[in-house]
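Student: From Swiss-Prot, for reference:
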REGION    1-20  region 'Disordered'
COMPBIAS  1-10  compositional bias 'Basic residues'
DOMAIN    39-263  domain 'SET'
MOD_RES   40  N6-methylated lysine
MOD_RES   156  N6-methylated lysine
MOD_RES   349  N6-methylated lysine
């Protein structure tokens, strides 16, 4: 979930409030809590791609410290003023997301007049103007993002948020009326804070020897979450026992913005979790999904008699047993690689192999004496696949393209006409970038399977 700084990468419908008071108050707070900002950087709305950001006052070299945040200044379930009660009752706060303790900490601190983090909250985006698709009208979300996987992800989020709020959060607030004012007892506010945590929180990575532990709880990191995102980022967050340090990893010329990144995120993930998409072709981490059940559907289209259909379902059940496929899984295709290489190669192989060969393969529980080159599957390998594999993959791509409301040419026409594109709403532009990036990957697969 949340791992690195989260902020819109491209200019959106943010407010144009240039009031210097929040920044001055925040900088004074930084001094009080020991948050060390390099004199070479400035917090500003000027010269940034979206909202508040950080800009280089002077040239910065790789390895230079941009700022250091002492752990005491982090806002988490462990540092907030109600940490004691959150710890005592942590058993009742268990949830699927794992975010409830932090969200309760935020609900308490944001309504407390004397909260130590008040100057930090002043730099938060306006909660009522968050651009996540969960805040779009359902009809608009489905119309603009049909086929991308986002509407389905949002629906799951909304169900989980509602359940979490009424079964865990509200009962906790009702049990502690002295800690939570009536104005923060709102499902809508809770949804907004979930989106904020999704987009702005950090999650400290586990050490190698801790791999089997539960993931660390999310936390809010003042200053670090001011940075905007760019795939080709020029700064990186480092964790140490006493503080979190943002360090330059590329030369940053004077006047240029400082960017963090939050990993390899496809555009559909960006818009779902953070409310923006990178314009094509900037997002080199973009992907397109082919639902696993779509490949099964494509294979079923090639069956002619009941016996063939029954055998195909037997093959599918065997793939499920091998944990190569699942009813809700997807094969993930990037611009230059198949991210689910083993799963896709094995699925094409099992669904396309002759019946006798499948029987032998099944008897060996999917083990073979020799792993063939066919078991690897890269983008460049696709034209070399067996004809039956290519055909099944092609049919699956065609079925996937049918799930979108528009075709690639429609998207290209919108993107190629600057006046028409500029006239689109912010949401229409972001959704278009998501759809177009996915369709470009899928159409390349059509070329490779021709």
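Yeah, the Cβs are placed from backbone N, Cα and C, and that goes for glycine too.
Are these features on the surface or tucked inside, and what touches them?
Tutor: In this structure, residue 40 (N6-methylated lysine) belongs to neither helix nor strand by DSSP; it is coil.
Residue 156 (N6-methylated lysine) falls within a helix when secondary structure is assigned with DSSP. The number of other Cβ atoms within 10 Å of the Cβ belonging to residue 156 (N6-methylated lysine), over all protein chains shown, comes to 10.
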Student: Quick check on the modified residues 40, 349: which one has the highest count of other Cβ atoms within 10 Å of its Cβ?
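Tutor: Most Cβ neighbours within 10 Å: 349.
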Student: Please report the distance from the Cα of residue 156 (N6-methylated lysine) to the Cα of residue 349 (N6-methylated lysine), rounded to the nearest angstrom.
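Tutor: The separation of the Cα atoms works out to 32 Å.
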